[in-house]
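Q: Below is the structure I would like to discuss, written out as structure tokens.
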Amino acid sequence: MSTRATRPGMLHQKENAADAQAGKRQRTAAGSAARAPLSANAAPPAPDPAIEFAGRDDVDALLNEKMKGKNKMDYKGKSEQMMEYIKKLRACIKWLLEREDTNLAEIGKLNGLLEAAEKHHSEIVAQLKSAIEESKAINEELQRQYASLEENLKRVEAEKLDALRSYGDEKEARIAVEASRNEHLEDLRRIKLEEKRLNDQIKMLQDTNKRLQEYNTSLQQYNSNLQADATKNGETIAKLQKEKNTMVETMNGLKDHANSVKMQLDLAKSSQNEALKQKTDLLKEVDNLRGELQQVRDDRDHKLAEIHSLLADVSTYKEMTGKSVAELDNAMTRSTALEETCSSQAERIKTLELQLASANEKLKRSDLTTMETMTEYEKQKRMLEDLQLRLEEAEQQILDGENLRKRLHNTILELKGNIRVFCRVRPLLPNESGAVAYPKSGENLGRGIELTHNAQMYSFTFDKVFEQSASQEDVFIEISQLIQSALDGYKVCIFAYGQTGSGKTYTMMGNPELHDQKGLIPRSLEQIFQTSQALISQGWKYKMQASMLEIYNEAIRDLLATNRTTVQDGGASKYSIKHDANGNTHVSDLTIVDVSSINEVSSLLKRAAQSRSVGRTQMNEESSRSHCVFTLRIFGVNEGTDQQVQGVLNLIDLAGSERLNKSGATGDRLKETQAINKSLSCLSDVIFSIAKKEEHVPFRNSKLTYLLQPCLGGDSKTLMFVNLSPEVSSTGESICSLRFAARVNSCEIGIPRRQTQVRSLAQG
Ligand SMILES: Nc1ncnc2c1ncn2[C@@H]1O[C@H](COP(=O)(O)OP(=O)(O)OP(=O)(O)O)[C@@H](O)[C@H]1O
């Protein structure tokens, strides 16, 4: 009974179970000992099969049983009763012993079961403990993973933002590339139009060239029959001149356009490079994003696998024990949350992938656009190079044609023997209104000039007319070949004629200090020195001498004299003019300076300008009251061929040509105006006399005409500039000047002769 009572408490205590076992063994031994005296004292009576014990009540009934018989002395009866009772007791003890054995066996069995149950229980407890530990660890791990996932999520978010930003940048770059592509397309369209125009132009130029060649051939024929065809050739030259002007204008336009296209192409190239750089950066970023995306994906897969295994563990754990359900539920909730995070991350990854794919697509498109732009750019570049080549060729053709035209023109003029006349009109000053017009088309384009005076129009035609807009360089280009002739051994004379303030000094001298305003004298000298330097390689050596004088009131003044008195004292007797047999002019006592460089000539020009201004101040004169003559003598010898040439270049700035009544001069002023008028009218007498081919030409009537005798009457190449003031008030003067110039233009002074000889003969 006591064993049964203590069982529940002993379920958890193996030691107590062992004690109980020991107790059971003691009781068994006690039971055996209690039975032993019975068997030792007497043989145990055979059990009465009638005595049976069903339970405790039977035992209690036996123990409470009382002796029967009324006779106390009936010992026998009592003994028998006792015997009977003992038998019953023995049967009872036997029953109890049997029962105890059964119970002990039962207890032993139960103890075994209990031990097994306890063992199983301990195992389960241990498993539960380890499962709880594991669950805790998993829980911690899950929390860590959750934190890292959150971190990853933040990183992915940041990367996504970066990707979006770079996508925005890429989009902008693509838009820029597209815009530049559109610009290129527009340029291409313009270039194509330009190309077409150029082609037409080139065709036209080729035609012109062909015509020029034809013209050259015809001119050679014409040379044999020159007098008859002179007028016709003049017209053809005028046409060519016109065409040349058009061509030069067109070529200038083309040049500008080509330059602007080149600039645009350079710009496009730099923006292209920029776009390519951006593309490379984008590609790098995309690669990085891809790497990181892959990393995130791997993490996600890894965590998903972990979650799956955790879920499996949790379900196993859940099956095994009903405990920690709350923790499990908690873990499950976290796991679900993690799964949700994972799936949201997966969503984000998908979105990022989509963005990446679209960025890649755009990148591809941008690549394609860039490629197309590059191809287009290369094409345009080639086209531009081709156009430039053709432009250069066309320009060369124009130059060749132009040179040919000039040579032919010069040849014709030389053969005609006329004095050439160029007309130049100075720009209008502020507050002046102009009365000069020019033919805008026709054969007189660039050669004609029209003046309206008293409602009547006066038209004149010269070899060349320079409008107000003509620059110093434009003017010089036209005379540069004439200057070249001086180096070739010709006498060249260029003089400027016109009323005061019409631009004579500006044309002849200009401002030698300023590149744009340099006049013919400094430019001519620059060209002569440059060419003479270039001719050294062909064996030519040149020596040059410069002199500069002015004729004031019929007196010569030496502008290069270093002695001031000489300058001021220039009396008529001192500077006498002489011409030698070769038609060379010599002025006695005149300062002649050897010059070998442009710098030397520049300082001479400065010295002359100073002398003129000193003279001007002392005499209270204006420069226009004197004629200024610059002379450069050129002696050339070719060391290889022993050929000698002797050229002269005379550049003359005449005094103003206004009429007396207009000048309103009195006294000294009247005297000098008369002197000027005298010399200019002498000049006009000489011209008219030459024009009429009179036998006697009055060269000696004035210092100026006598000085210019070899130029006007002999074999020199002479060019006169007639300078005009364009304002209305000068129209009368201008018409006079133009009439005079027209007369000069019609003068035939003979065919220019080159002064050349072989050195040995000259020396002999
Ligand atoms: N083609 C031109 N372009 C610009 N300015 C000019 C031009 N021609 C003349 N001028 C200006 O007009 C003014 C008068 O010119 P300039 O002194 O050359 O005339 P001129 O005929 O030599 O006069 P003068 O007979 O009094 O010496 C000057 O201020 C000059 O700079």
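Glycine is no exception: its Cβ is also placed from the backbone N, Cα and C atoms.
Model, not experiment: these values are computed from the prediction.
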Q: When you get a sec, could you say which of 1-50, 301-350, 651-700 is annotated region 'Disordered' by Swiss-Prot?
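A: That would be 1-50, the stretch labelled region 'Disordered' in Swiss-Prot.
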Q: If you count other Cβ atoms within 10 Å of each one's Cβ, which of the binding-site residues Gln499, Thr500, Thr505 has the most?
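A: Selected residue: Gln499.
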Q: Provide the number of Cβ atoms within 10 Å of the Cβ of Gly503 (ATP binding site), excluding the reference atom itself.
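A: There are 23 such Cβ atoms around Gly503 (ATP binding site).
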Q: With every protein chain in view, what's the tally of Cβ atoms within 10 Å of the Cβ of Gly498 (ATP binding site), excluding that atom itself?
A: 31
Q: Identify, in sequence order, the residues in the chain of Ser502 (ATP binding site) that are 6 or more apart from it along the sequence and have a CB within less than 8 Å of its CB; answer 'none' if there are none.
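A: Within the chain, Ser502 (ATP binding site) has Cβ neighbours under 8 Å at Arg426, Gly656, Asn723, Leu724, Ser725, Ser730, Ser734, Ser737.
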Q: Comparing the binding-site residues Gly501, Lys504, which residue's C-beta has the most other C-beta atoms within 10 angstroms in this structure?
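A: Buried the deepest by this measure is Lys504.
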Q: Mean pLDDT for the coiled coil (105-416), as a whole number?
A: 77
